[in-house]
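Inspection log for the structure reproduced underneath, given as structure tokens.
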Amino acid sequence: MKWKALFTAAILQAQLPITEAQSFGLLDPKLCYLLDGILFIYGVILTALFLRVKFSRSADAPAYQQGQNQLYNELNLGRREEYDVLDKRRGRDPEMGGKPQRRKNPQEGLYNELQKDKMAEAYSEIGMKGERRRGKGHDGLYQGLSTATKDTYDALHMQALPPR
């Protein structure tokens, strides 16, 4: 039975000419022109919408007033100081984890502030504040350390370097 079906298929194939199926695919020029037209119309519409949003935003800008309840406020660079203080909470020591300082004068900061009039000089230096601490006699080593850092420094003992 197999031989009979195979022989019939071979005869039919020999007698009938082999024709290729026509492909009405993406290579048809009419379809390419149609797709180009759709893409052109899409580009024109998208450009028109973009320009409308861009030019309508400048007219609507005064309508959005800045306030306390606004989620995003624009930067106000008009009142910016050249050397502005970062931490507005005076009396907080960053080396003590933000705890309040126990000083006689809480307005006296830990660090020296830059002075605007001295910045005009090319090689001006920042002077050191006089420290009023009860030390162990060699306070020259501890300049600029807070009490918490000074205690840690005291606990560590300096070891002599081995000779080379």
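Placement of Cβ uses the backbone N, Cα and C atoms for every residue, glycine included.
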Candidate annotated in Swiss-Prot as phosphotyrosine, out of Y33, Y111: Y111
Annotated phosphotyrosine residue, as Swiss-Prot has it, among Y42, Y83: Y83
